[in-house]
Amino acid sequence: MDISNEASVDPFSIGPSSIMGRTIAFRVLFCRSMSQLRRDLFRFLLHWFLRFKLTVSPFVSWFHPRNPQGILAVVTIIAFVLKRYTNVKIKAEMAYRRKFWRNMMRTALTYEEWAHAAKMLEKETPKMNESDLYDEELVKNKLQELRHRRQEGSLRDIMFCMRADLVRNLGNMCNSELHKGRLQVPRHIKEYIDEVSTQLRMVCNSDSEELSLEEKLSFMHETRHAFGRTALLLSGGASLGAFHVGVVRTLVEHKLLPRIIAGSSVGSIICAVVASRSWPELQSFFENSLHSLQFFDQLGGVFSIVKRVMTQGALHDIRQLQCMLRNLTSNLTFQEAYDMTGRILGITVCSPRKHEPPRCLNYLTSPHVVIWSAVTASCAFPGLFEAQELMAKDRSGEIVPYHPPFNLDPEVGTKSSSGRRWRDGSLEVDLPMMQLKELFNVNHFIVSQANPHIAPLLRLKDLVRAYGGRFAAKLAHLVEMEVKHRCNQVLELGFPLGGLAKLFAQEWEGDVTVVMPATLAQYSKIIQNPTHVELQKAANQGRRCTWEKLSAIKSNCGIELALDDSVAILNHMRRLKKSAERAATATSSSHHGLASTTRFNASRRIPSWNVLARENSTGSLDDLVTDNNLHASSGRNLSDSETESVELSSWTRTGGPLMRTASANKFIDFVQSLDIDIALVRGFSSSPNSPAVPPGGSFTPSPRSIAAHSDIESNSNSNNLGTSTSSITVTEGDLLQPERTSNGFVLNVVKRENLGMPSIGNQNTELPESVQLDIPEKEMDCSSVSEHEEDDNDNEEEHNGSSLVTVSSEDSGLQEPVSGSVIDA
C-alpha cells in the first residue's frame, strides 16, 4: 500500500482552547450546573460592591453642597497629588543631570574640569541649611568686630584682641559636613578668614615706630603657637600607596602642603620624597619621576621564593627597596633634610620585641638617623620584608648602626650579638597623632587613608551617611567605636590575637580624611610593582579625592598659612637688618682703625646644638647663609608654609656639638655658671664709657668667675688694644678665661703655646684670625617658641641698655669685654 495515498488527519483537542473557556470548564466540573456558577459569581460581586460602597460613601459625602470643609479637603488633596506627580519629569531630568556631573567629576583629569563639573552639580543640588552645621551668628558678629577694629586703625588694639581670641574652630566652622560636596568655602567663613589674614598682613607690613620688628615677630610666634599646627599623615597600603602621590601633588599645586609630614610603611616613602626636595624639585618629580617608584623585586621561581622564606622569613628581598630609597633621598639624615627644606619629617617604626614601644623618628628624636634606613624599617611588614636595623651617621659622617649590638644570651656567655631591629610602623601606630601633638604642637590632621583593611570600612561609612542621613551616620560611628573598644579589651586581656586587634584599635581618621576608592583589581595587585598606567590611575584617584576636600582644608588652614607667611617675612627682614648692622659695624671699625664692638648674645637658657656649633667657623658662614637665604627666597613664593629657613648650618655640616673643642666646652660651662645680679643687668648704660655697676648697685659673682678672675689678674694689666679686628679664633687646646672689669667682662683667650709661660707683654702684637662670636638665633619651631621669646626679650634689652667695648689681642691672649646685661645665669 502506498503511503502517499493515505488520508491526512487534523490535530484535535479535548475541551476549550482559550484560557477563559478552560477556567469555566474547570469551574463547571466542580459545580452542579451553570446556574450554580452564576449564583456564586453574583454573590461574590455583591459582597465586594457593598464593601466598596461602605468605604467610599464617607468620602463621597464630602462633595455634598452642605459640607464645604469636605470639598476644601478634597480639592487640597487633588492639588497636592497633581503637584506631586506632574513634577516627576522635571525631577527625573534633574537627577539625570546630577548623575552626569558626578560622572564628569569622577573622570576629570584636571582641576579646571573638576571645578566646572562641581559648580554645575552645586547648582542642581538643593542648598543645605548651613545654620544647622555651624554657628553662623557667632562668625558674623566676630567678622563685624574685626572690621570695626580695623577701621579704628589701632595696631595695638588689633594685636591685643587677636592674641586673646583667635581659634581655628570658631563656631564649629571646621565641621566636615559643612564642606562636603562644596567647591568654595561658605561665604561668611571665607570673609572671616580674609579679614583675619588682612589684619595679620597689616601688622606684618606696618612701618610705624609704634611696633618694633622684635615685637611683631614675638606676636606672630605666640599667636601661631596658640593657634596650632597642621600635619599631613600618610597611611600604609603597599602598592596602593601611589594614591598618596596624588594627594601630595594636589596640596603642592594649591600651596596647602603642611610643614609637618609623617607616615608609615609606603606612606613613609612618599613623606621621605617630599621632605627631601624643594618646591621645583617636587613638581619635577611628580611630572617625570613616578616610574621610579618600584617597591618590590622580582619574585623569581618557586624554589627561590621557598629558599628566601626559609632563610629570611620574607617573601621579597628588601635590597631593591633600599636601592630605590638611596636614589631618592641620598644619605640625608632627618636633621639635614630639615635644614635643607624646612619640613619636619616623621616616620613610625615598631619593634619585634614585646616590651619596646613604637617610635616616631624625626629631627628631634633621632636627628642623625639616615632617612632611607628609617623608611626601609617602616616598610618591613612581617612576611613581606625582614625586619631592618636603623643606620645613622657618626661624627665623621660614616654610616654606622644606630643602636650598638647587644649580647643575645648574656647568662650563657655566648659571643653572638645582634642589633636592634625594627619593622612596619603601621602594625601599632599607623598615624602618629599623639607623638606629633606632644613634639610639634599639632592640633589639626589631614589624613590620606589607603590601608586595604581600613579604606573599605570608611567608604561604607560614607555611603551610610550619604543614603541614611545623620542618624544612620551616628549609628555607623557607634559601631566603629564599639569595634575599637572590643579590640582594646582584647589587648588588655592579652589574648593571642593581640596583633590583629592592634590594627583595628588605632585611629583611622583625622580632621580631614581622604579615603582611597580602591577597586578589586587594585587589591589583587597589592604586593606587586604597579605599572606606569596603574601609578597614574592611583595618582589621579588621589587628586580627585583631594579636590573634594580643598574647601575644608582652605577653611581650616587659611589663618595658619597667613601666620606662616607673616613669620617668614619678618624673619627675612630680621636677617636683612642683622646683615646691615654687621656691615655697618665692620665699615665703621675699619674707617676709624679701632677694634670692632663684637657682642656675644647669650640667653637665659643653654643654646641648642643647632645654634652653638660655631667655634670652627671662619667668619663668613653668616654671610654665606644670608646670601643663600636671599637667593632661595627670591626663587620661590614666600607665601608657602615653609619659608622659615634657618640662619645657621646644621651641626651635621659644621661639626656640631660632638666636635667641640676643649676651650669651647669650658666656655659653655662658664656661661652656664654665671650668676649676675639683676641690678647689674639693669644698671648698664648705653655708653661704652659708663660704669658697669650703677650707684647703689651690688654684684655677686659666681665662684667660677672669682676663680677665673684670680687666675688672670696678673696678666690683665699688660693687655692693651691691638690692631683692628672684627672677631677672634678659638682653636683646639686654647684656654678661654673670663674676667670682670669696670665696664663689662673680659674673655681672655690664652694660646696653647703660651700655657705655662709667663706674660711677655706687648712685644709682638699679632693680627688674630677672623671669626664672629655673635650667634644669630636659629628660628625655633613650635615646640620651643616660649624659649625663643625669651631670647627676643634678651635681644631687646641688649639693644636698649648694654654697653659694648672693644676687642684686644696679644701674644698671651685676646680680651673680649662682653655686656653683662645679656649674660644671665
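Cβ from N, Cα, C; glycine included.
According to Swiss-Prot, the protein has these features:
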ACT_SITE  S265  active site, nucleophile
ACT_SITE  D424  active site, proton acceptor
COMPBIAS  632-653  compositional bias 'Polar residues'
COMPBIAS  714-726  compositional bias 'Low complexity'
COMPBIAS  788-797  compositional bias 'Acidic residues'
COMPBIAS  801-812  compositional bias 'Polar residues'
CARBOHYD  N129  N-linked glycosylation site
CARBOHYD  N327  N-linked glycosylation site
CARBOHYD  N331  N-linked glycosylation site
CARBOHYD  N601  N-linked glycosylation site
CARBOHYD  N616  N-linked glycosylation site
CARBOHYD  N637  N-linked glycosylation site
CARBOHYD  N800  N-linked glycosylation site
REGION    632-655  region 'Disordered'
REGION    686-726  region 'Disordered'
REGION    776-825  region 'Disordered'
MOTIF     263-267  motif 'GXSXG'
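Feature annotations (Swiss-Prot) mapped to structure.
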residue : record                       : Cβ neighbours (10 Å)
N129    : N-linked glycosylation site  : 7
S265    : active site, nucleophile     : 28
N327    : N-linked glycosylation site  : 11
N331    : N-linked glycosylation site  : 14
D424    : active site, proton acceptor : 24
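Within the chain carrying the motif 'GXSXG' (263-267), a Cβ under 8 angstroms from the stretch's Cβ atoms is held by residues 233-241, 244, 295, 346-349, 378-379, 381, 424-426, 429-432, 448, 450, all 6 or more beyond its ends. Between the alpha carbons (Cα) of N331 (N-linked glycosylation site) and N129 (N-linked glycosylation site) lies a span of roughly 54 Å. The residue listed as 'active site, proton acceptor' falls within a strand segment according to DSSP. Considering only the recorded positions N129, S265, N327, the residue listed as 'active site, proton acceptor' has S265 as its nearest partner by CA-CA distance.
According to DSSP, S265 (active site, nucleophile) sits in a coil region rather than a helix or strand.
Secondary structure at N327 (N-linked glycosylation site), taken from DSSP and collapsed to helix, strand or coil, is helix. Cα spacing between N327 (N-linked glycosylation site) and the residue listed as 'active site, nucleophile': 18 Å, rounded to the nearest whole number.
For the pair N129 (N-linked glycosylation site) and S265 (active site, nucleophile), the C-alpha distance works out to 41 angstrom. A mean pLDDT of 92 is what the model gives for the motif 'GXSXG' (263-267).
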